[in-house]
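What Swiss-Prot says about this one:
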type	residues	note
DOMAIN	103-225	domain 'MPN'
MOTIF	174-187	motif 'JAMM motif'
BINDING	His174, His176, Asp187	Zn(2+) binding site
Amino acid sequence: MAFKDLPAHARPREKLIARGAAALADAELLALLLRTGVAGKNVLQLAQELLDHFGGLSGLLQTSAEDLKVIKGMGGDAKRAELIAVLELARRAMAERLKERTVFDSPGTVKQYLQLHIGSRPYEVFAVLFLDAQHRLIVLEELFRGTLTQTSVYPREVVTRALHHQAAAVVLSHNHPSGSIEPSRADESLTQTLRAALSLIDVRVLDHVIVSAGQSYSMAEKGLL
């Protein structure tokens, strides 16, 4: 059925006005943001295709503007920019709520926080969560970009930043834009090098988390620390 042929009570905007946003399905809310479909695909169908392709709202939150191009109807810069802006606001809101919990006391909380911040980056980044003695977040810093090796991640810089923030512990992290989250031997070697360097200033390495869009890997959970 063409969107214009839907009865008024079934159209997302009218439904939201009459019954509130909570009454709408994910695809209906997304359709309100997209506003229009394309030839052969109404806006509700386009919204549902986006959700199906990226694995629901959680997967959509990890997408980039480049990822959206694979969906017919999302080729225009304006539509992609509007959706990416809304997704970024959602990520920031979720990150604020996670930070308000203050204590990063479980791998699950850490992985969720890092997914929101670096999981969808199209390039590789190395970031560090600097924590106090109660494992409360002091700051997340992205320290290096590009292919990460022992020669591109400098232990001295990580140690310097830990001293600057007076951190008691850290969580190391980086992303794999390729999608694979298995650590390489270089990842494991780098972790041990940084762990040894930070131990000299009594800073504990609690974990090294690898993330990609929709996936994460904790070295601590796997017994690699």
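For all residues, glycine too, the Cβ spot is worked out from N, Cα and C.
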Summary of DSSP states over the motif 'JAMM motif' (174-187), given as helix, strand and coil counts: 3 helix, 2 strand, 9 coil
Secondary structure content, the domain 'MPN' (103-225) (per DSSP, counts of residues): 38 helix, 38 strand, 47 coil
Neighbour count (Cβ, 10 Å) for Asp187 (Zn(2+) binding site): 19
Number of other Cβ atoms within 10 Å of the Cβ of His174 (Zn(2+) binding site) across all protein chains: 25
